């Protein structure tokens, strides 16, 4: 072999690749998919899909979401379906790995030919398929994440958010803390990604110098001793926790260990008390139920959905019944309710779209009116606002009792707008149309 | 990991073509220059892959493309481990470098064509290979393995350390061009991308095969078998080791670039230690000592996982079982292969092909 042969080969590579020389990142805009189609719809079924972490690091908390949604769809199908069609709900496991999210989403769209994507879970995961879904013309409803990027009607017209975004939620926390703890020192403990960043943007609207210490954690690194010690050293009396459940529990256990008892204020993503109890039991090597409840006692959290502890709530009553009939093996937690509300909302929209169903008619129905149902705050899904739930309430957990509402639900925006009350007629399940009945 | 001592494959130690030359097509083929032979083989392989892509659906097209870049990464590892005798437990780190290089280029400089992006990626990976290889060429055995292991563990956290540039834990997302407008009606984006990936992979494999049959390949094998004897024969041991490392790093980087291009994403959680270890396991499974082993390893890496997951979900097993089934299955198959055929799947295939040839 002559020493020049590799050079020759590389030269050939260049020549051949040069034939395909447009900028790799120059994507033609403007080609919009045809939405007047009814892909995945037959006379008696409509097929939708989702990607969820049924395995992997996010599975322990979030696998219940699709279980809850599935239970509601079974209940709907048992009661005659929606406009004469049964809902077929395909759940693909992506293990919270973006590479697999891309794989299973293509499978759902190209092979299973789903009508719409419902509640794809996670920011790192779903952000990698938003462009694909919009390009393929697949409605991408109710993304299971509080990132701000789902509410971008210009860029992603088919993507609609679901849960209250991190900034709105943090604004409500910030105002509450400024009112109720005016003289206290505030610490901020956050996940080092958009969760923390967007939450800070909201908090800083209401809190300035009061924030004496900020500490972050990396998802996946469970050693948080130094961060909690720093918060203690700074003398923070209130610690705002923009964390997922695992890190809320770790923070509680760690601060207890070093004799530090701040008032925790937790975002809804980390505040599912049933999940927290399970985690605390695990992290404390099986402390009794009472001890775990005691650790959580007084925890302040934001919420926008009915809580499993609200025994009087008619929706919780219905969901508990559906859970017992269709999801017996799972736990009934706020996370389960999250999926159940998601499914209920989707069925409501589907019902509204009518028998003559296309992707366009589904989106028209979604934007046609204000949605009221299981949620505690108004739901934004209009031409210019794809934000989903628009606010939250503030609650306090009491060991062995019902959660106390510290501040009634309020709505706000993600910029400098005020936090205000709202008029919302919240219908009972009996007044809500989300299946045919009979 | 218990792996068999790398053995030279039979086709690598073919004696120099001595006189008298036999006549026939076989003989005439052997007089064609090596690089031309490899290019012809690569063109044939590309044609086969294109036919396969044309015949399958989108999902399998994507998986075939995934096999492509896995093959390239494993082939790079084969050059390092099989040919030069250095062990790397951290090749996922080079895939990380490749994927992020392409992501940054596409996002920051969208006007650059794909082939320029890939060339820049090769250059960046080569630079990383020089740095890492230069430092690790002095190490051997478990010390080398440990140093590369640290690379695989440490490098992905760069993305979290510099969130403004590298997107933090959520990573980077981008969109690349599909088929040119003239072909857009007949060729889907996925098919175009898969074809581009395999084109790149086969060209890189051609370079790799040609180099490892040439002077550098001979030197690497000499260093692997006995560094002292190699040094006594005048071979620059250190430089040869670094060269092998750089070659291998380029393959890893290019594989990562292909992955990034195909999926339109670069995310730190995709480049875990498990990826690096899987690459090594797939190499042992496919067969060390021959580039063909990389093909079997790559196919196994992609499809075993898919099948194991489908099986686990079809049987509706518990979460903890489903979590681990693909790894357990791969481990079991690896143990069986190593016990029965220490030279991997390729060894078995080669023997079978030889038996068929003798029977004729």
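Here the Cβ of each residue, glycine as well, is placed from N, Cα and C on the backbone.
A TrEMBL annotation is a machine prediction, not a hand-curated record.
TrEMBL lists A:1-20 with the feature signal peptide.
Sequence annotations record features per position, and here TrEMBL assigns domain 'Leucine-binding protein' to A:45-400. Mean pLDDT, taken over the domain 'Leucine-binding protein' (A:45-400), works out to 91 on the 0 to 100 scale.
Under the heading compositional bias 'Basic and acidic residues', TrEMBL lists A:401-416.
Mapped onto DSSP helix, strand and coil, the region 'Disordered' (A:401-438) counts 3 helix, 9 strand, 26 coil. If you look up TrEMBL, you'll see A:401-438 marked as region 'Disordered'.
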Same-chain residues at least 6 beyond the ends of the compositional bias 'Basic and acidic residues' (A:401-416) whose Cβ lies under 8 Å from its Cβ atoms: 148, 151, 165, 167-168, 171-172, 176, 180, 201-202, 205, 273, 300, 304, 307, 309-311, 376-378, 387, 390-395, 422
